[in-house]
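Comments concern the structure below.
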Amino acid sequence: KLHSDLDKGVGTVKYTLSGDGAGTVFTIDETTGDIHAIRSLDREEKPFYTLRAQAVDVDTKKPLEPESEFIIKVQDINDNEPKFLDGPYVASVPEMSPVGAYVLQVKATDADDPTYGNSARVVYSILQGQPYFSIDPKTGVIRTALPNMDREVKEQYQVLIQAKDMGGQLGGLAGTTTVNITLTDVNDNPPRFPKSIFHLKVPETSHVGSAIGRIRAVDPDFGKNAEIEYNIVPGDGGNLFDIMTDEYTQEGVIKLKKPLDFETKKAYTFKVEASNLHLDHRFHSVGPFKDTATVKINVLDMDEPPVFSKPVYTMEVYEDTPVGTIIGAVTAQDLDAGSSSVRYFMDWKNDVDSYFTIDATEGTIATNELLDRESTAQYNFSIVASKVSNPLLTSKVNVIINVLDVNEFPPEISVPYETSVCENAKPGQVIQTITAADKDLSPAGQRFSFKLSSEASNKPNFTVHDYRNNTAGIETRRHGYSRRQQELYFLPIVIEDSSYPVQSSTNTLTIRVCRCDSDGTIQSCNVEAIFLPVGLSTGALIAILLCIVILLVIVVLYVALRRQKKKDTLMTSKEDIRDNVIHYDDEGGGEEDTQAFDIGALRNPKVIEDNKIRRDIKPDTLRFTRHRPPAEDNTDIRDFINQRLKENDVDPSAPPYDSLATYAYEGNGSVAESLSSIDSLTTEADQDYDYLSDWGPRFKILADMFGEESYSPDKVT
């Protein structure tokens, strides 16, 4: 209520109200100044309002007093219950926890004024969940109330919590929430087999490594606390089997480590132990966390393929063994109760398998073709065995056949086949060390022996010294060798091996005579070097060259003088026309060149009868023809001369040239006879070539070819 001291109660004063909620929440009686709330107030919405009031003259509308400000506070009442803003709650606690183990703290909020009365004082209590859990009335902390709560008995708990204001007194408002509590697992239970004996039936044909059965131990724990490890207790039959844990099902999977055979053993018994991997030391007092069960395995008889006596067969055979020779046998048996016969055949894969055959009944292997170790030293193929009663049941085995070597190749000289010897070599000097090679597979301790052939052992030039270590030395047997006398020597060497049968071969070693210095260093082995002076200094060589030049100049001058002399002796008369005898040292000008003709001899033909010497060839020294019988063993040289003679007979450009002329008067023929090569002597016996040795070093080769010295086989040693 508002009232002004100037208000006399006669209605001259008017009251006005402004500020928070004026006209909407609060209203004022303009005459009396009473303030009223026109709607419900909520402290939790707005706890106070600030208003301004003023008294105004009704007639003049002027303020009678200054404006005054006042505050209206909303007084709280207990109109709000406590609320759990975070509910419902989820919590967990390990199983087997002691009494008073902390679980969770809950909190309720009351919107009422905590400073006024007990409207906001909250007290907590459990409406549902006893006697397992308890709560602190003031703090809202939830704890376990019973010891050894077992997850395997009950895992989930739902607890109902109440929060009440007014300190929990009668008339207070209350709010509730739920707390879902889960007991987490601890490893408090050992694994246990549901039965003490497990029976398994396994076919004897089961493959090694395959799973043949499963067993399981039960562990009521959860997660890693329920992980189980299985082990086979050492004992009867345990070495044939293995066990491992299936990580998804925690089952023990039994696998086969070795093949089973019903005919050998029909049953196996062993024990399996199951234990936890993750132990909790708090529960060791409960007992050992493992259990044991017995596994009995019965082997089932199955129809099996034949079994070979060996996993691999290795055989040996000599090369060149006759076709059809038996070299070995394979054996397979049917081990089943009703033993069946076995048939053998080869597993054809390539053409190599065709070298052998196998007897289908006996299993003997024989050669089908001739074998050559140098071509193929080893054969590898497969033999298949099948049961007659069930051909689909087969087994396979590898057969390795090694081809043994037979000494069929003689040893040969390893490179080189040619060596050299110095002209100044001394007796006993080793000029070459030789070794031998054999295409055969040389056995351990193979020895090669070296010696000269029988026809060369008597020659005085070289010898072979066997060092008895598969090497030999070529030694000289005389003082010095001359290239002028013989440039090449051929030394036949016989090499034998020590295998059976003994093989030998004759190998020819070529020895070339070379010029060497005093230290034995080879300087030249060329043929041209034979004609060069040995040991000449540079000055001596220059002097020789100067002498050769001077001789060439003298020869040129001599030839020029001869030509001048021929010009002075030419015939002066041109009236007598007859055949002209041409005498020249070089090629003339042909038929028209009459200045080179000398027909003086034709003027008096009778004089010529005493002088029938050919004038187209003028050797430095006139030699008479010596007749000698032809060499009987010189057929190669005779054929060579005949071939060259025929070529020159039909060659019109070869000297001496025939000069053909036509004359008005035909005479009785020339007493000088024909100069043509057509009627030349064509046998070696009718010719004498000794004069070629007098024509200088340029005709040395021709002189050696046509001279008196014949081919001597003694030079080849």
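Backbone N, Cα and C atoms are what each Cβ position is placed from, and that goes for glycine too.
In TrEMBL this protein carries:
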type: DOMAIN; residues: 4-84; note: domain 'Cadherin'
type: DOMAIN; residues: 85-193; note: domain 'Cadherin'
type: DOMAIN; residues: 194-308; note: domain 'Cadherin'
type: DOMAIN; residues: 309-413; note: domain 'Cadherin'
type: DOMAIN; residues: 413-531; note: domain 'Cadherin'
type: TRANSMEM; residues: 530-561; note: transmembrane segment
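For the domain 'Cadherin' (194-308), the number of residues in each DSSP class (helix H, G, I; strand E, B; coil) is 13 helix, 54 strand, 48 coil. The DSSP breakdown of the domain 'Cadherin' (413-531) into helical (H, G, I), extended (E, B) and coil residues amounts to 4 helix, 56 strand, 59 coil. Per DSSP, the domain 'Cadherin' (4-84) is made up of 0 helix, 32 strand, 49 coil. Across all of the domain 'Cadherin' (85-193), the predicted model scores a mean pLDDT of 88. Taking H, G and I as helix, E and B as strand and the rest as coil, DSSP gives the domain 'Cadherin' (85-193) the counts 3 helix, 45 strand, 61 coil.
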